[in-house]
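Here is the structure we will look at.
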Amino acid sequence: NITAKPTDPPAAPSLNSTAPTPAPPGPPTTLAPAVIPVMTTRTTTTTTTTSPAGGEDVQAVGPNGTTKVLPSNPPPTPAGGDNRTTASTPDTPTTENNSPADEMPIIAVMVALSSLLVIIFIIIILYMLRFKKYKQAGSHSNSFRLTNGRSDDTELQSVPLLARSPSTNRKYPPLPVDKLEEEMNRRMADDNKLFREEFNALPVCPIQASCDAASKEENKEKNRYVNILPYDHSRVHLSSLEGVPDSDFINASFINGYQEKNKFIAAQGPKEETVNDFWRMIWEQNTATIVMVTNLKERKECKCAQYWPDQGCWTYGNIRVSVEDTMVLVDYTIRKFCIQQVGDVSGKKPQRLVTQFHFTSWPDFGVPFTPIGMLKFLKKVKTCNPQYAGPIVVHCSAGVGRTGTFIVIDAMLDMMIAERKVDVFGFVTRIRAQRCQMVQTDMQYVFIFQALLEHYLYGDTELEVTSLESHLAKLYTPSPGAGCSGLEAEFKKLTSIKIQNDKMRTGNLPANMKKNRVLQIIPYEFNRVIIPVKRGEENTDYVNASFIDGYRQKDSYMASQGPLQHTIEDFWRMIWEWRSCSIVMLTELEERGQEKCAQYWPSDGVVVYGDISIEIKREEESESYTVRKQARAVRQFHFHGWPEVGIPTDGKGMINIIAAVQKQQQQSGNHPITVHCSAGAGRTGTFCALSTVLERVKAEGILDVFQTVKSLRLQRPHMVQTLEQYEFCYKVVQEYIDAFSDYANFK
């Protein structure tokens, strides 16, 4: 049984610009192959002679580097009447002879004092009126500031939430989809200035709504945040429990979808004391789908109580919940529950199936790096929710920010299909009349548009395995008016993805430039592989390698360039520090008279690089690859089936090596798989794409070559570098589907 893990695509170095390499300081003995098989497996042992000098603190880079911006407190309320002016009249001495001339100063003083008192009175009246108005405005701001200083789940990364009212100067009408890209570019200019203006024009509460039930003393403890309360007119009513006052309350609100009343229930994440109520709501509303858009803990803060058992069954109030199945994927987890009401007289209450879709890729700060994962997640929810079921329950922590974002994307995708336009501003305004502050930050608001644009530009590219053959026939047919085949048009979309050169700072430092084999392929800052700094040496944490997400988990692979002679030590330090047990090599040491990769393993005996010694323990040859096993259980799978020019003639060798690597991973753990060719992009990207696609085919019977490659290119430049390599991905998948004997192998 092979547990397939997501792998990174093989990189084929077709770019010509290379960094100058210093003279090699005596490379290991070159391997003199007699007859080179298609694949070699080398088993080597890696040991450290001493503990690595310095660098005990390993910094792991996550895929999203966003900046935390704490919400600002509302402006201080001015204290009325503290600074008052008191006028006092001086004592006037009296004399027996009061002439008119003597009385003139007294009259003048009295007139002045009277005028002053009138002025003071007017000022006090004006100040009190202004203070009353200010206090009313401030109450809006205070009502949406959480007691712990954070808002919602809290993705508050941007502007503080202040009192807002509908704009009277600008209107935001529905937007035709063919204008979506142009409008997004315009609004995102100047650091999203126009988007922020639009978001700030949203009414906080479009209607005057009461929250009397939520504000009752008996219900206060049921609210996670004292200022995120459901409106009375849209709250979900539970059946009352006998002898328990106000047991009909739960912090949840009905929310309309696109032309579908009460399609959703937006709820706060259950607290420990409200878990029973949560499951009671699921049962009474006949809900079959739960969407969870938060992790249980974020930044060491509890965001939601775990309301399901890890395994087996548990009873919550009068609802028994048992876990039937769990499927963990890179962006989300699917859990299937069987629920049943217990304690009834007949004992014959039916069982129901409830599916929880738990999106796990929302970062602690900000929004996801790309909307691809969210769109896949949303499609899965739409596909799996039964038609007969009640409302879909969506929750994050407070049930407004991420919850609102999910609901708006769902509704606007439906509107896009029905009307060829979207009305984000209008829809957010409408659902804020059902629950306060839905879509909580300007970053979430922009993310909605990014998801809609992603869907508009690229559409739904997922395929059932049974339709791949007919889809390939369409891809080979010339696109109308495009002057090229559908496959070429698809690949052109991929090559149009902008390479973010401004996010390659470390790799472009003068001290690191010589460590890059190809100057156009440098890892992005947000996911580059970091190795510990060597004590007393600067700029020694860099290696040209990127973490790549797989099908089931993040950072499944380290996509690396083939080591240069002077970066072999860094390469092995990376292997050691990140505990990689599998190395996939997709190039020969030399091709067409040019060095493609330095030999980083010994031909025999032991070779030492810094603090790490490498010794070949065993070398075995398969039909298409060689396995070399190194001490500390590091296996190198050297694929020999890639010709110097072009692509392999068939996919059998690639399918076999993917299966062998996954078997090794099953035995050695889920540490990152190191994949390299020469530049770490073309063949490396192809390998990773195929590993990810084939794993999904096996698990779901679905493939999406386009979005898989697109995701890889967002993580490392030029992954799957040529049209030939892109076409090869489709061919191998088709070959894999056709060869059921190999399919059994892969399982």
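The backbone N, Cα and C atoms fix where each Cβ goes, and this holds for glycine too.
Per TrEMBL, substrate is bound by ASP364, CYS396, SER397, ALA398, GLY399, VAL400, GLY401, ARG402; the candidate from GLN311, GLN440, GLN450 named for the same site is GLN440. Taking CA atoms as the reference points, SER397 (substrate binding site) and CYS677 (active site, phosphocysteine intermediate) are 44 Å apart.
The DSSP secondary structure for GLY401 (substrate binding site) is helix. A separation of roughly 43 Å, to the nearest angstrom, links the Cα atoms of GLY401 (substrate binding site) and CYS677 (active site, phosphocysteine intermediate). For the domain 'Tyrosine specific protein phosphatases' (375-446), DSSP puts the residue distribution at 43 helix, 6 strand, 23 coil. Counting only the Cα atoms, the space from CYS677 (active site, phosphocysteine intermediate) to ASP364 (substrate binding site) is about 34 angstrom.
Looking at GLY399, GLY401, the binding-site residues in this record, the fewest other C-beta atoms within 10 angstroms of the C-beta turn up around GLY401.
If you measure from the Cα atom of ASP364 (substrate binding site) to that of CYS396 (active site, phosphocysteine intermediate), you get 12 Å.
The maximal spread of the substrate binding site, taken as the longest Cα to Cα distance among ASP364, CYS396, SER397, ALA398, GLY399, VAL400, GLY401, ARG402, GLN440, is 16 Å.
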